[in-house]
Amino acid sequence: MAQFFKAKPNSSKQLSAKLSLNVDQLDHLGAGIAQYQGKVVFIPGALPDETVTVQLTEQKKNYARAKLIKVDAQSPERVEPECPHYHTCGGCDLQHMSLSGQREHKEAALLDIMAKFAGTEGGALSPALTGEGWHYRRRARLATLFDKNTKHLSLGFRAASSSNVVPISQCQVLAKPLSDLIVPFAKLLNQLSAKASLGHLELIAADNGHFAVLRITKALNDKDLAKLSAFAEQHQIYICLQDNEGQFQGVGVELVLPVYQLLDENAQSDAVSLSFTPGNFVQVNSQINKAMVAQAMDWLAPAPDERILDLFCGMGNFSLPLAKMGADVIGVEGVAEMVSQARVNAKANNLDKLTFYHGDLSADLSLEPWMGKIDKLLLDPARAGAFESLQWLKKMKPRKVLYVSCNPASLARDSTVLLERGYRLQRLGLIDMFPQTHHIEAMALFELTK
């Protein structure tokens, strides 16, 4: 028998009266933290040492969330955001804080979470890897928004915590040549007869040119292709189309893959070049990626003929430089397409001391052909971390473990596994891969002591 209940009003979502709060610190997502009636209050947009007027938007038993109404007393770290879209676009969330303040916060947050969960309090950080604060991204994916009423197509990014597309005319963290293409591309796409069926637009700046990948849901006619080809020639950019099956087709020219170099770019004999398809993952900050790889080589110190395992190796960002320095490298990656690209890159660089495998690194690894004694281990996992992979340390017994992390929480959790297995944290440093955002990347070096 069906029973019907009248839904209770959700009072937890109602706005409170305006409150004046003092902000103490930032949380790991870049929101200000204040106290109110025994609860922690999270306030996006607020900074430490500020007095702010807010309204509570959500109340739970132990915490609340608030909307920033006004800053009554400013922090000396507060600055005017440079991007006109900052308050609506969901891409950046710390443009209101000075770059030096952002980095101090990220280093403090990294130390705090490692001390809290990995018991590493009292340690000092290695110098942070830092670079340009603006126009550092070599890659971005722009969403399309087609208005059925006006028949107009807009390009933009998603709003924070939303699927809504915010139309933009520029991006202050995207490489300047790519940012300058946003308005011309929007104008071009509105001239296409297929504009209602276009998907996202990906822009890429590589060492061998600028690229645009346009997602299409149906084949374009000859007139649309001619317009794209003319645009590509005018703006000196490679354009390729990606269809529903994920296949890529060059517009006007043969398909060209973007390429970037690592190690010494001035001495070609020491450099390695990596090509990638638009579907492959690459680090978006070219300057910091080069510094990160160089630091990894310095910290791990690969020697000729050492057996080094590179887990979550991608298309060879670390594997190729390790092999270039003489090590016998085994790379393992969970995405088959990236394993294929890693093999292509190894062959293109004439590196034969490299073997790549495709496999699920969260599964039972005991019977994998590459499992066994190694000299050193490099890990570069996704945000979920490498907890499952580290359960097999006893079979691998590396003297050194270099962990490159894009999530301090999973790094701290995984560090406990290493510490329990007899490893000691020797070095820890911030990698500021994403200025103007709360995202924290880090590099940690562990050495076996038992």
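Count begins at 1; order follows the chain as displayed.
Backbone N, Cα and C atoms are what each Cβ position is placed from, and that goes for glycine too.
Same-site candidate for S-adenosyl-L-methionine binding, as annotated by Swiss-Prot with GLN283, PHE312, ASN317, GLU333, ASP360, chosen from ASP270, ASP298, ASP375, ASP380: ASP380. Binding site for [4Fe-4S] cluster per Swiss-Prot: CYS83, CYS89, CYS92, plus CYS171 from the candidate set CYS171, CYS240.
Break the domain 'TRAM' (12-70) down by DSSP state and the numbers are 2 helix, 35 strand, 22 coil. DSSP assigns GLU333 (S-adenosyl-L-methionine binding site) to a strand. Within 8 Å of the centroid defined by the CB atoms of CYS83, CYS89, CYS92, CYS171, the record's [4Fe-4S] cluster site, lie the Cβ atoms of HIS85, TYR86, GLY91, GLN95, PHE157, ILE168, GLN172, VAL173, GLN436, excluding the listed residues themselves. Less than 8 angstroms from the CB of ASP380 (S-adenosyl-L-methionine binding site) sit ASP310, LEU311, PHE312, CYS313, GLY314, ASN317, PHE318, VAL404, each of them six or more residues away in the same chain. Taking the Cβ of CYS83 ([4Fe-4S] cluster binding site) as reference, residues of its chain lying under 8 Å away and at least six apart in sequence are, in sequence order, CYS89, CYS92, GLN95, GLN170, CYS171, GLN172, VAL173.
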